[in-house]
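**Q** Starting off with a structure, shown below.
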């Protein structure tokens with residue numbers, strides 16, 4: 001009995017102590033549950049990240065305003081931009097239909113592997129910006145710095161590329177008005193969609209993504225009908241162009257070596273088209289109920305890869321020969337609008353009226369949507385760097401303004417030509433995207449080790465990706481090969497001399513990334529994080545507490561069941 005009384009007294013003292021701490025103003029912010037109850041969900045999460053409420057209020061914080069349907073449609077079509085409509089034409093004419101298809105399949109497999117790794121980390125800690133924070137916490141502060149600034153300038157340049165591409169498309173209808181006027185209008189629209197509440201951005205992307213998804217599905221169906229002879233000409237195409245002029249076009253060299261190099265050349269182009277697929281993790285910090293919505297979105301990346309990119313590249317391959325003169329001339333002559341789009345050329349060949357203007361409108365929508373998405377992503381990467389103490393801390397509005405200011409580079413289109421500028425930006429940003437995916441793979445490998453070292457079973461995770469860490473190693477090795485050999489075409493051969501301009505474009509991104517890493521490594525004397533010391537907990541308490549705040553979704557009828565499945 002005395003032993004029991006002693007135990008009860010100890011528990012009573014413990015309760016009193018906890019109560020005193022709970023009501024003490026100097027310690028009340030240590031408890032995310034109380035902050036959420038008294039000050040709101042978002043402030044509770046920010047205070048858990050910054051360490052106290054005052055700092056969170058001073059530097060600003062984001063809100064969870066992205067609904068489930070926003071996240072799902074961002075995952076399916078948010079960053080589908082001009083790469084799938086315009087940029088794919090250059091890869092097709094360089095390598096041929098089979099090489100294009102295989103290039104998108106191989107790159108898509110590595111992308112899916114990377115997204116499985118990222119999805120697991122983003123579900124464990126759905127933070128704003130996410131990727132730089134994962135790299136800094138699990139690998140090295142210098143890696144977080146490098147990938148954060150690499151992602152930021154990458155998003156800024158892709159923003160330029162997409163606005164430049166949109167300016168190209170508008171010239172399809174009007175070449176008399178200076179392209180600078182269209183660039184200005186597009187910049188105002190994109191900034192306006194980002195400067196207000198994140199829910200406005202979410203609604204815009206929901207609408208944009210819906211248009212893109214419907215359009216791509218429509219184009220694939222169109223390709224199927226034309227291929228089977230259902231067009232006005234009643235000409236059944238089948239795989240005619242895979243036989244003549246051929247399925248794989250030799251590039252630089254002859255024979256099998258040339259065909260292999262043609263295939264390899266499509267990988268960088270595919271990487272540009274897939275660029276931004278990681279945006280789901282960036283948006284996790286502003287998603288409602290991220291522990292439910294993010295895994296659902298990550299799983300859908302597979303269908304996005306299969307239906308849009310793989311079937312899209314196959315459709316182009318059966319509709320056109322890779323030596324189609326109009327497509328080659330449009331690419332060579334910097335033709336305005338979607339004239340350089342293989343989709344538009346295919347429609348002209350099928351003698352289908354009106355559709356070219358509709359497809360150009362879709363490409364314009366895609367470019368605007370993608371620019372909108374990358375301005376959002378770039379600003380969140382900058383915000384994540386600020387939270388890491390690797391950039392000046394400030395409210396998200398400043399991050400949007402700074403990122404948008406880089407888009408002024410797009411005005412180079414007024415002198416150099418929109419198509420030329422678009423190609424510059426595409427080459428540079430494709431490499432930065434691959435460096436980001438490599439960083440994600442490295443971060444996951446270290447995260448996997450940290451879970452094991454700290455005694456946390458992966459079976460307890462909300463989202464557990466399969467075949468890890470081998471999946472992460474596969475994606476890391478695949479992207480490393482592309483990075484190392486991506487400038488192979490710049491070296492001298494039988495048909496060309498060494499091109500130093502293309503060489504710089506191919507490898508300058510790697511130099512910038514390594515320079516950023518070494519700068520922070522030397523300046524801050526950071527070290528690689530040991531798995532046992534990796535910070536996998538900061539911010540998690542508030543997120544765990546927030547899980548109880550999200551209402552359970554229950555379908556009351558068959559329509560709601562269908563809608564909840566989609567979004």
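Every residue gets a Cβ built from N, Cα and C, even glycine.
What TrEMBL says about a protein is an automatic prediction, not a curated fact.
What TrEMBL shows for this protein is this:
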- 70-527: domain 'Amino acid permease/ SLC12A' (DOMAIN)
- 73-92: transmembrane segment (TRANSMEM)
- 98-115: transmembrane segment (TRANSMEM)
- 151-172: transmembrane segment (TRANSMEM)
- 179-200: transmembrane segment (TRANSMEM)
- 206-226: transmembrane segment (TRANSMEM)
- 301-322: transmembrane segment (TRANSMEM)
- 358-383: transmembrane segment (TRANSMEM)
- 395-412: transmembrane segment (TRANSMEM)
- 424-447: transmembrane segment (TRANSMEM)
- 467-491: transmembrane segment (TRANSMEM)
- 503-523: transmembrane segment (TRANSMEM)
**Q** When you check the transmembrane segment (467-491) against the transmembrane segment (98-115), do you get at least 3 Cβ pairs under 8 Å, counting only pairs 6 or more apart in sequence?
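**A** Between the transmembrane segment (98-115) and the transmembrane segment (467-491), which are separate recorded stretches, there is contact, as judged by 3 or more close Cβ pairs.
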**Q** Tell me whether the transmembrane segment (301-322) sits in contact with the transmembrane segment (151-172), defined here as at least 3 Cβ pairs under 8 Å among residues 6 or more apart in sequence.
**A** no
**Q** Any chance the transmembrane segment (73-92) and the transmembrane segment (206-226) have 3 or more Cβ pairs under 8 A, given the pairs are 6 or more apart in sequence?
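**A** Between the transmembrane segment (206-226) and the transmembrane segment (73-92), which are separate recorded stretches, there is contact, as judged by 3 or more close Cβ pairs.
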**Q** Which range out of 151-172, 358-383, 503-523 gives the transmembrane segment (206-226) the most CB pairs under 8 Å?
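**A** Highest pair count goes to 358-383.
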